[in-house]
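What TrEMBL records for this protein:
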- 49-73: transmembrane segment (TRANSMEM)
- 93-110: transmembrane segment (TRANSMEM)
- 117-140: transmembrane segment (TRANSMEM)
- 160-179: transmembrane segment (TRANSMEM)
- 200-224: transmembrane segment (TRANSMEM)
- 230-250: transmembrane segment (TRANSMEM)
- 357-379: transmembrane segment (TRANSMEM)
- 399-418: transmembrane segment (TRANSMEM)
- 439-458: transmembrane segment (TRANSMEM)
- 478-497: transmembrane segment (TRANSMEM)
- 518-541: transmembrane segment (TRANSMEM)
- 561-584: transmembrane segment (TRANSMEM)
Amino acid sequence: MACLNNICKEVSDEKMMTKEEEDYTLDGTVDRHGQPAIRSKTGTWVSGILLLVNQGLATLAFFGVGVNLVLFLTRVLGQDNAEAANNVSKWTGTVYIFSLLGAFLSDSYWGRYKTCAIFQAIFVVGLVLLSISSSAFLLYPKGCGDEETPCGTHSTFHIVFFYLAIYMVALGNGGYQPTIATFGADQFDEEDPKEGHSKIAFFSFFYLALNLGSLFSNTILGYFEDQGMWTLGFWASAGSAFVALVLFLIGTPRYRHFKPQGNPLSRFCQVLVAAIRKWKVGIMPGDDHLFETDKNESAIKGDRRILHTEGFRFLDRAAIMTPNDYATDEEKNTKGRNPWRLCTITQVEEVKCILRLLPIWLCTILYSVVFTQMASLFVEQGDALKTTVSNFDIPAASMSSFDILSVATFIFIYRRILDPIVARIKTNPKGLTELQRMGIGLVIAILAMVAAGVVEVFRLKYANKDCPNCNNASSLSIFWQIPQYMLIGASEVFMYVGQLEFFNGQAPDGLKSFGSALCMTSISLGNYVSSLLVTMVMKISTRDNMPGWIPGNLNKGHLDLFYFLLAALTTADLMIYIICAKWYKCIKFDGRTNGDDDDNKKSRPVTVAAQADFRV
């Protein structure tokens with residue numbers, strides 16, 4: 001019996017030693033049971049690839065509805081062009097507003113996995129309801145909905161059912177999009193050099209998956225829907241979304257998770273209230289007089305401590321310790337500190353971080369104005385070019401395929417060729433910084449607008465001035481648009497991929513999904529600013545009985561001047577962006593002990609994402 005007990009003890013000891021020797025992640029991620037994540041059993045590209053496929057299928061499903069929604073509203077519901085365009089704009093804007101809701105719930109309460117699962121389920125239900133409404137109610141008489149056969153009138157119930165469905169699609173996709181990008185990045189430990197490099201690569205492949213999904217929906221599904229086969233297109237979208245959800249759930253055992261870290265709004269308000277209460281308190285240089293928790297703790301549950309930075313000194317008052325900062329016995333919390341009078345350095349720096357991100361974010365909005373022209377004025381310009389090759393007519397909207405091919409090409413060129421060359425020249429393993437890449441994206445966007453303007457100049461030169469409808473209104477081939485589409489695609493690789501990496505890396509631990517949501521809101525505001533800019537230009541340019549720069553007949557307008565105006569505005573935006581980028585101070589987390597000598601054993605700052613110089 002004693003021998004048996006010794007054997008059991010040895011086996012138990014071996015299991016304990018094996019468990020202790022297992023390689024855990026260093027960034028604080030946990031598995032689905034809430035235990036520290038084991039590197040070999042969770043995350044990495046096994047989870048990453050599942051999420052990339054999920055993103056591609058979900059994007060296919062979303063654009064399967066969105067790409068031809070304006071045609072559905074006009075052909076099936078009988079709306080006029082202006083009303084349909086307005087409804088699509090509202091719907092698109094709502095998608096991006098819901099992205100803020102998804103980011104808030106993800107960062108604060110639900111966590112990224114639960115948020116993705118719930119909103120994807122809503123997305124699938126919305127697509128199924130849309131498919132049912134179109135097949136059972138709206139496509140009547142049978143065979144209607146193409147360019148030649150309009151549909152009949154519909155009851156109020158049918159219209160309400162349709163709008164309920166498409167806004168469920170908006171809610172599901174909007175809440176899911178910013179969270180899935182951040183959740184995918186969570187699968188790679190940024191504290192590990194190899195996984196840290198993979199994390200950066202993930203954002204490039206994420207944007208590629210998004211574009212490949214939209215390529216299929218813009219071409220194959222778009223063609224079927226344009227021919228009136230709306231039910232087929234919507235059910236295909238619903239099936240794609242369902243497969244995406246199933247693949248997402250299959251990966252559940254391997255995912256790594258960050259725990260949600262509470263409502264950030266209350267933390268922000270605490271800093272502002274505490275700073276205002278102490279507006280008369282003097283501020284001394286340095287951070288020795290500022291409050292922070294113990295070295296191994298953080299005031300924000302599960303968060304890393306953020307090191308103090310200069311700038312926005314007024315907010316530092318919230319962390320200055322005074323005799324009145326501790327609660328009375330009736331109201332004190334577990335630590336006795338009144339959080340509305342005394343905040344930690346980490347809380348203050350969290351607010352500073354968001355304030356520093358805002359100028360960079362504002363500079364990206366004008367880029368989104370340029371980007372949105374691809375879906376509007378580029379198409380109108382293409383319709384006014386020669387679109388026939390032999391007896392085949394090329395849809396102007398299909399030229400966006402060159403943008404997607406450009407994205408795929410330049411992602412490969414950047415990841416495999418340009419980035420390694422720059423890394424050797426700069427002796428920096430990560431090559432160009434995110435801010436530098438975003439600046440390059442702005443430069444390429446300027447070139448794209450110049451290219452579009454030059455094409456328009458030559459289009460007008462070979463145009464038929466008396467063309468009544470502007471279809472094939474010029475002898476200049478539509479293939480002259482390829483350079484502007486290719487340049488837009490190249491700029492996306494530098495701007496939007498860099499933007500995803502930048503906002504994800506520079507957002508505090510408790511606001512990672514919010515960082516991704518900033519990218520989506522930038523695109524949304526770009527649409528609104530573009531619409532406002534077109535309205536202003538038309539109002540100014542139509543004076544004195546002039547047709548304006550963008551009339552119905554482009555041969556009588558000056559679309560080229562509008563493109564050159566956008567190039568000039570983007571150039572001014574680039575100058576402002578360079579100033580903001582030079583001013584920007586990157587976030588610094590409290591480092592970990594990793595060294596042999598005494599100096600190395602001290603806490604070292606970790607600069608995310610290991611870029612000491614974020615200047616352009």
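Quick reminder: no glycine exception, Cβ is built from N, Cα and C everywhere.
Proximity of the transmembrane segment (49-73) to the transmembrane segment (439-458) is not established, fewer than 3 Cβ-Cβ distances being under 8 Å for residue pairs spaced 6 or more apart. The stretches the transmembrane segment (439-458) and the transmembrane segment (561-584) meet in space: the count of Cβ pairs below 8 angstroms, excluding pairs fewer than 6 apart in sequence, reaches at least three. Remark: the transmembrane segment (357-379) makes no contact with the transmembrane segment (117-140), by the rule of 3 or more CB pairs under 8 A. Counting C-beta pairs under 8 angstroms (sequence separation of 6 or more), the transmembrane segment (230-250) reaches the transmembrane segment (117-140) with 3 or more such pairs. Taking Cβ pairs closer than 8 Å, the transmembrane segment (117-140) reaches residues 58, 61-62, 65, 72, 76-77, 102, 110, 151-152, 154, 158, 161-162, 164-176, 179, 230-231, 234-235, 237-238, 241-242, 244-245, 248-249 in its own chain, all 6 or more past its ends.
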